[in-house]
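What TrEMBL records for this protein:
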- 40-187: domain 'Type I restriction modification DNA specificity' (DOMAIN)
Amino acid sequence: MKNIIYCHDFSPINDNLEAQLSGVYHRFFDDPGNSAPGLISDLGEVVGGATPSTDNPEYFCTDGIAWISPKDLTGTGLKFIYRGELCITESAYNSCSTKLMPAGTVLFTSRAPVGTVAIAINDICTNQGFKSVIPKGEIGTAFVYCFLKENKQLIESHASGTTFMEVSGNVLKSIPAIVPKPEAASRFTAICMPLFEEQRQNELEIGKLQELRQTLISSISSR
């Protein structure tokens, strides 16, 4: 059984695909002719998040509005996410300033830690530990994802705070960025999206294998 569980490890495949994406990014955008100088705010709408009052346990559920915190990404290795450990109810959503963002939004943790990047695969909202970017249509998810990931250290250098380091929404908006020219953005997206889709499918398979592993362990333990 152990061999069955571990014979299909897609993580190295996804790591290789991620390296390919980085290579494509640099091949396109190390050429200054494919972009113009700008700010992160030129790439899309920067959106923060919020947490409903934890004093009201009825605000949280397992089948509601998708809502995540940084801990839902930390240590998981996931690039694509559709929900966190907990969801929130509609009344919880209406009680705070979190905002529902569309599929394709690039999620960026702005504290604890700064710089984890993921992609929403459905409508989702976050707590205050994120400053996410809803890409402009002509820019695209692929470019925003790669830009934020490739420039993690630059963004981290703008963090500040006493209790913990954090990048505010206004700071993130004002960080220098390159803005891809329309033709370059279109060609870049066309190359990257099949790689993204392969990674997403691999993550789904990883999830299924993890569920199978847990089921088998539980079955063996109960004997």
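Cβ atoms are placed via backbone N, Cα and C, with glycine included.
Please treat TrEMBL annotations as automatic predictions, because they have not gone through curation.
Just so it is clear, the model here is predicted, and its values are computed rather than measured.
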* To do: With DSSP as the reference, give the number of residues of the domain 'Type I restriction modification DNA specificity' (40-187) in helix, strand and coil.
  => 42 helix, 43 strand, 63 coil
* To do: Determine the mean pLDDT over the domain 'Type I restriction modification DNA specificity' (40-187), rounding to the nearest whole number.
  => 97
